[in-house]
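Copied over from Swiss-Prot:
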- PRO85, MET86, SER87, ARG88, GLY89, LEU90, GLY91, SER92, SER93, ALA94, THR95: ATP binding site (BINDING)
Amino acid sequence: MIKVKVPGTTANMGPGFDSFGMALDIYNEITVEEIESGFEMLQEGELSEIPLAENLIYTTFLNTLNKHNYKYKGFRINLSKCDVPMSRGLGSSATCIVGGIFAANSIMGNVMSFDEIIKEAVSIEGHPDNVVPAIVGGMTVSIMDKDNVIYSNVTVPDRLRAFVMIPNYKLGTEEARGVLPDSYTREECVFNISRAAMLVNVMNNGEIEKLRLCMQDKIHQKYRGALIRNIDDIFKKAYEFGSLAEFISGSGSTLIAFIDKDNNEFYDRMKNFLDTLEDEWTVHLLKPNFTGAEIIKNR
């Protein structure tokens, strides 16, 4: 039996649209067992709503085996732990893709190199900002050079924590991309480029007091924010309670506030405020994950 543990991720992180991502200590775990014949996919909760042919764990796992002409009898696949919610902007699809590839590669005797795993995962996901940190951990900046994925790790300050706010409604990537404009002004592009560059340096230097300025954005958040109820009030309260910066996680609907680990009152104060809103919000106070995806059982 093989068990793969994959962290959820937050992507974009303000100005880093489709490029920046960070792994968080919230996880999905996938268990794979060999059986005599056929495929069994144990699907529970939100996953049970997805047809097998559209299940990213199943399709990625099977396609990876077939691509390498691996001969097999059958497998039972189970999403044995599902803490990363679907379609909420925390990289749920990346956990499924990465988990499927890692499980298949382990079964095949680790025939794929690290770079091959990353390239395959990005080709399925379509963009690198979630899958790269899910694989390597930490904060990453990723770019595409034709079919090649180039990434670099960014140092995350020890004091940084992510207060994650997950509403009880989904926001699909397709819908969230659909509200974005087809073009941007030069001023808007320069605004984001300068802040994205500054954000990397601020992270590397541990200058968390500068995060608010660096995480401003004019490319996607003002458009997607219209799809998330009470976002302005939530961000205003987070600022009032001492947040370092607030942003939409991925394409939404999850919101994140970066806080200093010593801000001991933030969790309770923010949760109490969210409880007054009409939607139900699940909250987590998370550290960055620095290990990325890993095989935690192989026997």
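Numbers here mean position along the shown chain, with the first residue as 1.
Just so it is clear, glycine is given a Cβ too, placed from its N, Cα and C backbone atoms.
Remember, it's a predicted structure, so these values are computed and weren't measured experimentally.
If you count neighbouring Cβ atoms within 10 Å for each of the binding-site residues SER87, SER93, THR95, the highest count belongs to THR95. The local packing around GLY91 (ATP binding site), expressed as other Cβ atoms within 10 Å of its Cβ over all shown chains, amounts to 31. Listed binding-site residues: PRO85, GLY89; maximum Cβ neighbour count within 10 Å falls on GLY89.
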